[in-house]
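Lifted from TrEMBL, the feature list:
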DOMAIN    5-137  domain 'MARVEL'
DOMAIN    142-278  domain 'MARVEL'
TRANSMEM  6-29  transmembrane segment
TRANSMEM  41-59  transmembrane segment
TRANSMEM  79-99  transmembrane segment
TRANSMEM  139-162  transmembrane segment
TRANSMEM  174-196  transmembrane segment
TRANSMEM  211-232  transmembrane segment
TRANSMEM  253-272  transmembrane segment
Amino acid sequence: LNLRALTSWVGIARLLAVLLSCLSFSLVASTGRFNGPYGTWCMFTWCFCFAVTLLVLLLELLELYPLLPLSWDDFTSAFSMLATLMVFTSSVVFPATFISSPCSSSQCARQAVATTSSCLCFLAYALEVSLTRAKPGDISSFLSTVPGLLKVFEAYVACLIFSLLEDYSRESGLMWCVAVYSICFIFTLLIIIFTIGRCLTYIPCPLEKVLVGYNALALLMYLTAMVLWPLYSLGGRGRPDSCGKNCLWDKNLGVTFLTIFNLIAYLVDLVYSTRMVF
């Protein structure tokens, strides 16, 4: 047994994440109020992170991970970053959707405790990301470097954008933006999968310079989307008075902000990748 898998700072962070995610979905399940797409997403997040983190702990405790045909350090770095983003999203979405004011019932109290444990779970995963992040000059595990972590962030933000897309076929400018989101997401996801699967060495070209070129191209594409999406989807109009809870205008505004976030991520990615290569 590799007891260091549980006693190291990374192991302690993972144990906390397992306990807190288990507490979150148990409390929410006891209330019976997690219906709808948002509630389903939050429950899936907590259960998925609990199961995978527990599996990671067991594989490291029993020292079975070297038998897997993948880059273990890249996998754990990518998963911890993904879990950080997923739990953060659930920690914001769940209370905004299911907790109403005033909060006086026992059901609401359990929802509040579940939200608190979800926030602490987010901090545990963020701590793991900080502890496993590659130090400057160390590129043995690509997905633990800043460009690698940004790849996970870019793919996740693209998934959030896809969840908000609606009625974009009426304008060619909007269709171009969707094509930008899709193309960049596919290539970023392939980079992550090939890195974890140790397939990047089979690419017959200088990989580092290809990544720099891809980041530059993705930055330019997202720059066009940042201009075209609000121009065609919002059209300079304010929020309609008749806009309800699932208002299309709100979703288009959310896509606008997420586009800006990914644009900044690709810019930082390009800067760090250029510094690593040159």
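Glycine residues also receive a Cβ, built from the backbone N, Cα and C atoms like all the rest.
Annotations in TrEMBL come from automatic prediction, not curation.
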Within-chain partners of the transmembrane segment (211-232) [C-beta distance under 8 Å, separation at least 6 from its ends]: 147, 154, 171, 173-174, 176-177, 180-181, 183-184, 187-188, 191, 252, 255-256, 259-260, 262-263, 266-267, 269-270, 273-274, 277
DSSP residue counts for the domain 'MARVEL' (5-137), split into helix, strand and coil: 109 helix, 0 strand, 24 coil
Counts by DSSP class (helix H/G/I, strand E/B, coil) across the domain 'MARVEL' (142-278): 107 helix, 0 strand, 30 coil
Distal contacts, the transmembrane segment (41-59) - CB-CB under 8 A, six or more residues away: 5-6, 11, 14-15, 17-18, 21-22, 24-25, 28-29, 34, 65, 68, 76, 79, 83, 86-87, 89-90, 93-94, 118, 121, 125
